[in-house]
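Worksheet: the structure to be examined is printed underneath.
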Amino acid sequence: MNQDELKQAVAKAALDYIKPHLQSDTILGIGTGSTANYFIDALAEVRTQFEGAVASSEASAERLKKHNIPVYELNSVSGLEFYIDGADETNPRLELIKGGGAALTREKIVAANAKTFICIADESKWVDVLGDFPLPIEVIPMARSYVARELVKLGGDPVYREGCVTDNGNIILDVFNLRILEPVKLEQQINQITGVVTNGLFAMRPADVLLLGSQEGVKTIKVDA
């Protein structure tokens with residue numbers, strides 16, 4: 001299978017995973033990116049079996065609406081049963097790097113509201129140590145230079161993502177050359193820098209379930225509590 005076929009396979013596996021739990025009042029959290037798009041397309045098959053979805057980006061909201069899946073504002077719902085999203089990297093503890101699509105802040109907010117965070121990814125995203133993929137950081141525009149200097153002090157090499165404006169009106173710095181041995185600690189450190197909205201480490205709230213597409217099929221991975 002090529003990468004797109006692996007993404008389709010994990011999207012189908014995620015649908016199979018949640019299908020027995022869907023009820024008429026279930027509201028799902030939906031992520032952003034190519035793998036999440038495959039899941040949205042698969043979700044259309046069962047759109048009459050749940051109430052609707054909260055999207056982590058304008059792009060995902062539009063795709064859901066095209067499938068006639070009702071889209072709700074997060075502030076209008078009390079909680080989410082599942083959050084389904086892809087990742088740019090995952091380690092064996094299901095700590096993630098996300099944000100290649102610049103939706104990291106909204107993804108993190110939606111994930112925080114979900115009882116179960118299901119990460120769907122192909123095997124190319126599996127790493128022992130996070131950091132080969134540059135870590136995205138959403139930054140208030142006027143703080144860009146200051147935040148970049150602080151990130152250099154942490155050992156990173158920040159690069160301004162040209163032409164990228166987030167759904168929140170902010171900019172993205174991609175931080176290269178980080179070997180992230182302590183993801184929770186680094187997530188906290190970066191978030192404490194004045195001007196940072198949030199960073200793409202999902203370590204304080206990691207995934208609960210990883211559906212990993214491989215040539216041998218889709219593997220279901222959970223971290224023992």
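For all residues, glycine too, the Cβ spot is worked out from N, Cα and C.
As recorded in Swiss-Prot:
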{"type": "ACT_SITE", "residues": "Glu107", "note": "active site, proton acceptor"}
{"type": "BINDING", "residues": "Thr32, Gly33, Ser34, Thr35, Asp85, Gly86, Ala87, Asp88, Lys98, Gly99, Gly100, Gly101, Lys125", "note": "substrate binding site"}
Near-site residues: substrate, ref Thr32, Gly33, Ser34, Thr35, Asp85, Gly86, Ala87, Asp88, Lys98, Gly99, Gly100, Gly101, Lys125, CB cutoff 8 A to centroid: Gly31, Ala36, Ala121
DSSP three-state assignment (helix, strand or coil) for the residue listed as 'active site, proton acceptor': helix
Candidates Asp85, Ala87, Gly100, namely the binding-site residues, that fall within 10 Å of Glu107 (active site, proton acceptor) by Cα distance: Asp85
Site extent for substrate (largest Cα pair distance over Thr32, Gly33, Ser34, Thr35, Asp85, Gly86, Ala87, Asp88, Lys98, Gly99, Gly100, Gly101, Lys125, Å): 16
